[in-house]
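Pulled from Swiss-Prot, these are the features on record:
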SIGNAL    1-20  signal peptide
DOMAIN    21-105  domain 'UPAR/Ly6'
DISULFID  23-46  disulfide bond
DISULFID  26-33  disulfide bond
DISULFID  39-64  disulfide bond
DISULFID  68-85  disulfide bond
DISULFID  86-91  disulfide bond
LIPID     92  GPI-anchor amidated asparagine
């Protein structure tokens with residue numbers, strides 16, 4: 001083997017192989033859900049969506065997605081919703097950060113006001 005070919009093979013062997021992302025995938029009426037799964041190869045993000053029907057009733061959905069569109073509130077439905085994405089194994093296991101929940105307080109109050 002030529003020295004150049006040997007060098008190329010050594011460099012290629014040192015490169016990390018692309019691995020599928022592991023995400024929690026579930027839908028749960030409550031605070032959180034955990035169900036680790038291996039995502040398809042073309043998936044780049046783990047996504048968590050929380051839909052608030054009332055301040056005390058929500059649905060949590062977690063999935064593998066190829067693209068991410070993070071939202072705080074879509075503005076068209078009567079339910080408040082948050083979506084967050086991340087890009088490392090099982091990163092969507094924890095709940096959304098407290099500041100995001102606090103940011104939803106005015107939306108939740110407006111939703112409640114509209115229901116009355």
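Just so you know, glycine gets a Cβ as well, placed from its N, Cα and C.
The structure, with features from Swiss-Prot marked on it.
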{"residue": "23", "record": "disulfide bond", "CB count, 10 Å": "29"}
{"residue": "26", "record": "disulfide bond", "CB count, 10 Å": "17"}
{"residue": "33", "record": "disulfide bond", "CB count, 10 Å": "18"}
{"residue": "46", "record": "disulfide bond", "CB count, 10 Å": "27"}
{"residue": "64", "record": "disulfide bond", "CB count, 10 Å": "21"}
{"residue": "68", "record": "disulfide bond", "CB count, 10 Å": "15"}
{"residue": "85", "record": "disulfide bond", "CB count, 10 Å": "19"}
{"residue": "86", "record": "disulfide bond", "CB count, 10 Å": "17"}
{"residue": "91", "record": "disulfide bond", "CB count, 10 Å": "17"}
{"residue": "92", "record": "GPI-anchor amidated asparagine", "CB count, 10 Å": "29"}
DSSP three-state assignment (helix, strand or coil) for residue 86 (disulfide bond): strand
Long-range Cβ environment of residue 39 (disulfide bond), under 8 Å and at least 6 residues apart: 20, 21, 22, 23, 25, 46, 64
Inter-residue Cα distance where the pair is residue 68 (disulfide bond) and residue 26 (disulfide bond), in Å: 17
Helix, strand or coil at residue 64 (disulfide bond) [DSSP, three-state]: strand
Entries of 33, 68, 85 which, being disulfide-bonded residues, have CA atoms within 10 angstroms of residue 91 (disulfide bond): 85
Subset of recorded positions (33, 68, 92) lying within 10 A of residue 86 (disulfide bond), CA to CA, in sequence order: 68, 92
